[in-house]
Amino acid sequence: MARLYSGNLGMIPLKNPYQLLKKAREEHHTRGQQHHQQHPSFGRPSSPPPPPPTFPSDFYAYHLQTSLKARDPLSGKSIHARIIKAGLHMGVFLMNNLMTFYAKTGSLSEAHRVFDEMPVRTKLSWNMILSAYAKQGRFDVALRIFDEMPERDSVSWTAMIVGYNQMGRFDKAIRMFVKMVSDKIPTTQFTATSILASCAAIEGLDIGRKVHSFVVKHGLGSYVSVANSLLNMYAKSGDQKTAMVVFDRMRLKNISSWNSMISLHVQSGRFDLALSLFEKMTERDIVSWNVIIAGYNQHGFDMEALAFFSNLLQDYSLKPDKFTMASILSACANPEKLELGKQIHAQIIRNEFENSVAVGNALISMYAKCGALEVAKKILERSRTSSLNVIAFTALLDGYIKLGDINPARQIFDSLINRDVVAWTAMIVGYVRNGLNNDALELFRLMIGEGPKPNNYTFAAILSVSSTMASLGHGKQIHASAIRLGEVMSISVSNSLISMYSKGGSISAAKKVFNLIYRFRDTVSWTSMIISLAQHGLGEESIELFETMLGLGMKPDHITYVGVLSACTHVGLVEQGRSYYNMMRNVHKIEPTLSHYACMIDLFGRAGLLQEAFHFIESMPIEPDVVAWGSLLSSCKVHRNVGLAKVAAERLLLIEPENSGAYSALANLYSACGKWEDAAGVRKSMKDRGVKKEQGFSWVQIQNTVHVFGVEDGVHPEKDAIYKMMEKIWKEIKKLGFIPDTQSVLHDLEEEVKEEILRHHSEKLAIAFGLISTPENTTLRIMKNLRVCNDCHSAIKFISKLVGREIIVRDATRFHHFRNGSCSCRDYW
C-alpha cells in the first residue's frame, strides 16, 4: 500500500483524501488540547497549530510544503503520484506547487516536465519555471523560456535580473534592466534592490546614480529595502557623502539601515561617527555589535575590539554569534593574548560554535599566530575541514616558515579539497619567502596545469622568483602566461615585470613594459624604472625620468630617493645628488634612512671626496651601519687612501667582527700599495680569528641549465675546451691593445703567474663557455657574486669588440653592458 511521510502527521495511508482530512482534523484538535495541558504556566493559552487544509488540493499542497521544509524529495514524488491517481494533476494550483517543490529540491528536469505536461499555464507558471532556471545559472534555457513567454511582466524581467546578479554576471543584469526600462515595463522594489546590488558589486557609481534617479522618479525610494540598497551601492562605490545624504533623508529606517551606515563609517576608519550612530540606535541586533568589533580588528585596534566585546557580554538581551567569535579570535592573534584566546575558545565550546567553519578557521589562525602550532594542527585534524581559508592557512604557513620547516604546510596544502587561487598563491609565496625558488616554480607549473587560474598576486610572487634567480627565460614564460590569462595589465604584475626584466639584464624589455602602462603607473612603477636605469649604468636617463615624475605631480617615496641618489652616485653627479638629498628632507619631508646615508657616502667616496664622506658619517644622527663604513672602505681602496681605509675597516669590524669583506678590502689595499707585510698581517689576523674569505664565482644559464665557475675552475666537464677558448681570446685581445692589469693580483708573484691567474678569473671562464655554447650574435648574460675586478672589466670590453656580441655582466652592485669595446658604466663603477 502506498504510504506518505507527512511530518508531524506521521505515516498516513493515502486511501481517500476526504477520510484523511477528517482524521487530520481530529488529530489537530487532540494536539491543541495536549499543547495547552503541557504549558499551563503561560499567562494565556498558546495558539494551537494552524488548522489543516479543508479541500483535497489544499491538502496535497500543504503536504508538499511540509516535504519541502523537510527536504524530502522521495515523499514529494509520492505525493505527485497520489495527485495523479486522484485525478488532480490537471489543476494549475497543484502543478505550480509541484514545480516549486521540484525546483527547490534540485530536480529542475522534473520541474520542467511538470511544466511541459500542464494543459493550462498561467503567468505564474511561466515565471516559476523561468526563475528556477535563472537562479541556477541555466541562462541558455532561461532566455529561451523568456522569449517564448506569451506575456512578460515585472516578475519575468526581475527573475532574469536576479539570476544574473546571483551568478555574478552583473553586466548582463544591468543590460537586462536597461532593456526592461526601454520596454516600459513597471519596476518593482525587488527589481530596484537587485539592480542596485549589481551596481554595488562592480562599483559602478555612474550607472548607480542613474538607477537612483529612476528610483526617485518612480517613487520606489520610500521602500526601506530600496533605500538600504542605495546605501550599500554608494558605500561600496566609494561615495560616502551621498550615502550619508540617503541615510539622513530616509523616513523609515530599520536596523539594517543603521548597520549599513555604521559599517560605512567603520570601513573608512571613522569610528567616532560609527559609535555616535551606534549610541543613537533605539534597537540593536548582534550585527550592530559585530560590525564595530570586526572593524576595530580589521584596522588593527585589537584592544578596542576586545573592550567592545566585553561590553557586549554585559548586554544580556543579545548573545555573541559565530561571526562575533571569529572576529574576537582574530583580535587575540598574537602571543601576548594567547591566554585570552584560550578562554574564548572555552566559551566557543560551551556555546557549540566550534563546528562553524568561520570559527574553526579563526581558532586555527589564532593559535598559529600565537605560536601554538601543535594546537592549531590538532583543531584542523579534528575538524577535518575542507574549507580552511587563506587567513588560517597563511597563519599556519608563516608559523612553519618561522620554524624553518615548510613541509607540514605543504602537507596541509595538499590535503585541502577546495584549493582556491589564494591558497595556491599563499603556498607559492611561502616557498619564495623561505628561499625555495625551485619549489615555487614547480608549484606554479602545477597550478597552470591543474589548478585555478593564477591572479595578479600569483604572477607578482612568481615573477619575484625569476628576478631573484635572474632567469630571463623563466620570466619570459611567466610573462607569456600573464598575457594569455589576461593579468598582464595589472599594475602589480607590470611592476614585477619591470623588476624581472631589469634583474634579468634586459633593460630594453623593462622600458617597454613601463611604456605600456602609461596611464596606470603608480609610485612603485616610477621607482622600479628609476632604480633599474641606475643599476644598468643609465644614470642620466634615471634622473631625467625622476624629473618627469615630479613634473607630473607624482610624489616620490623614500625608495624613489634611494634610486635617484644611486643614479647620481654611479655617474658622479655630486652637486645634483646633494640637491636631491636636500629636496627629500625639506620639500617632501622624508627623513633619511641608513640607505640614503649610504648613498651619500658612496656619492662622495666614488668622486674622491673621502674626507667629506668621513665627516658625513661622523655627523649622522643615527649610528652608521656596516654598509656605511663598507662604502667608505671601498672608496678608500679605489683611491688608495690607506689611513682612512684602516679607520673604516676598524669601525666596520667593531660592528661585525666576522665580516670577511673588511679584512679582504684592507689586505688588498695594502697589497695594491706594495705593503706586502701589512697585507700578510691582515690575512694572518683573518686566519687566526677563523674568518673565511667569500669565494668569488660566476654563472651563466645555457638552455635552462646554470653553469657555475670559480677562479681557475677545474671541475667543469668542458674544462679543456673552455681553457683553450680563453687562451685564444687572450691572445686576440692583446693584439687589439689590451694590457693585463697585473696589479689586480694582490699577491707578490711573477708577472706571468699573475697573468695566468687573471686569465682564469671566473667571469672570463663563464664568457668563454658562453661563446662555445651559443650561436653567433647571441647576447651573453653573466652573473657574479662579487664586484667585477679592473682587469676583467677592461678585458670584457675588448672581448665584446672581438666577438661582436653584447655581453651583460651583473656583479654585486650593478649591471655592465659591454658593446663594441665600451661599457655602459663609462668606467665609473
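Note: Cβ is positioned from N, Cα and C throughout, glycine not excepted.
Note that TrEMBL annotation is computational and uncurated.
According to TrEMBL, the feature region 'Disordered' maps to 25-56. Annotated compositional bias 'Pro residues' per TrEMBL: 46-55, in sequence order. Taken from TrEMBL, the feature repeat 'PPR' applies to 122-156, 254-288, 420-454, 522-556, 659-693. Annotated domain 'DYW' per TrEMBL: 737-829, in sequence order.
The average per-residue pLDDT of the prediction over the repeat 'PPR' (420-454) is 87, rounded to a whole number.
Across the repeat 'PPR' (522-556), DSSP assigns 26 helix, 0 strand, 9 coil.
Across the range of the repeat 'PPR' (659-693), the DSSP-based residue counts are 26 helix, 0 strand, 9 coil. Across the repeat 'PPR' (254-288), the DSSP tally of helix, strand and coil residues reads 26 helix, 0 strand, 9 coil.
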